[in-house]
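Engineer: Quick paste from Swiss-Prot:
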type	residues	note
REGION	1-42	region 'Disordered'
COMPBIAS	1-23	compositional bias 'Polar residues'
BINDING	Glu102, Glu127, Asp154, Asp177	S-adenosyl-L-methionine binding site
ACT_SITE	Asp177	active site
BINDING	Lys181, Asp213, Thr261, Lys262, Phe263, Glu264	substrate binding site
Amino acid sequence: MTSSNNSPQDDHQQALSEENSAPATEVTGGTGRRPLQTVFNDGRDYPRLSSFAFRRGTLTDNQEATWEANWPRLGKELDEQVNEQYIDLDEWFGRHADTIVEIGSGTGTSTAAMAPLETDKNIVAVELYRPGLAKLVGAVSREGIENIRMIKGDGVEVLQRMFRPESLAGVRIFFPDPWPKARHHKRRIVQTGTLHLIASRLRPGGILHIATDHAEYAEWIDELVNAEPQLEYIGWPEELASGADDGRGHLGQLVDRQLLTKFEDKGLRKEHTIKEYLWTKK
C-alpha cells in the first residue's frame, strides 16, 4: 500500500509484490483478507507486505449515497480473481487522450484540485482506502470534474493487471509512505521492480514523477534513480520549477503542480525539504 505517516495514506497503495508473470496467488493474513500479490520471478525487488491490518474507515450516509450514485461510472475495483483485465481507457473516459495514473491518491484533495488545470489529460487515481476514494468521488461529483476516474486496489497490482504495456503518458507517486523502520523498507513502493513495472506501462516519452519530504526515503530513491535502464533520470531541472519549458515539451503535464497536497503542506510546515524526481521513458 502506498501511504504517508499516520494519515489516510497509511492505508494507500503499497500492498505489493515480489515479481512477475508466475500465476498470481491469493495471500491472506491474520483474520482479515489482504490484497492478492503477484509473484514476480525476475530477480528484482518489489514492495510487499507480510502482515498488515488495513484501517477500516466508515462512510457517512451522504458519502455512501454519493458513492452508490457515482462509483459505477467513475470507479473500478481490481478483480483479484482475474490475472489481466486491461481497461479500455477511451471507452471509460469517452474520449482519446493522454492518461496519467496517480498511485496512492489518498483523500484526493490535490487530485481534484489539479485536474481542472489539465483538462486535456485523463487522470486515474489509484487508492486502496475506500473513505479516501469516497472523498474524491464527492469532490468530482460536486465540482463536475470530467477527467478523473478511480480504481480501488493496490497500486502495483493495478498497474500489472489493468493497464496495457506502453499505454500511459505518466505515472505520479506523491509523498508515498516512507516506512521508516528498517525492517519495513521492503514495503516501500519505490523499488527496482516497481520502477521496471512502471517503465513497462509508460509509452516512450512518458513521465514518472515522484515527490517525497522524507530525507531518508529521498536517500533511498537517490540510490535507485538509474536502476531501470528503460527510464532516463532527469532530476528536477530548475527551469521546470519556474514553469519554463526545458525543450522536451511533454514535461509540463506532470510538473505544473500549482497546489500543495495535504502531506506536502504538512512537510513544509515542519520545514521538511521536498525533493522531486522525474524520469522519461526512453
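Cβ coordinates are placed from backbone N, Cα and C, and glycine is handled just like the others.
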Engineer: Please report the Cα separation of Asp177 (S-adenosyl-L-methionine binding site) and Asp213 (substrate binding site) in Å, rounded to an integer.
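Structural biologist: So the alpha carbons of Asp177 (S-adenosyl-L-methionine binding site) and Asp213 (substrate binding site) sit roughly 10 Å from each other.
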Engineer: Looking only at Glu102, Glu127, Asp177, which of these binding-site residues has the biggest number of Cβ atoms within 10 Å around its Cβ?
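Structural biologist: Result of the Cβ crowding comparison: Glu127.
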Engineer: Starting from the Cβ of Lys181 (substrate binding site), draw a 10 Å sphere and report how many other Cβ atoms land inside it.
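Structural biologist: The answer is 8.
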Engineer: Out of Asp154, Asp213, which of the binding-site residues has the smallest number of neighbouring Cβ atoms within 10 Å?
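Structural biologist: Among the binding-site residues Asp154, Asp213, the sparsest Cβ neighbourhood within 10 Å belongs to Asp213.
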Engineer: I need the CA-to-CA distance for Lys181 (substrate binding site) versus Glu127 (S-adenosyl-L-methionine binding site), whole Å please.
Structural biologist: 23
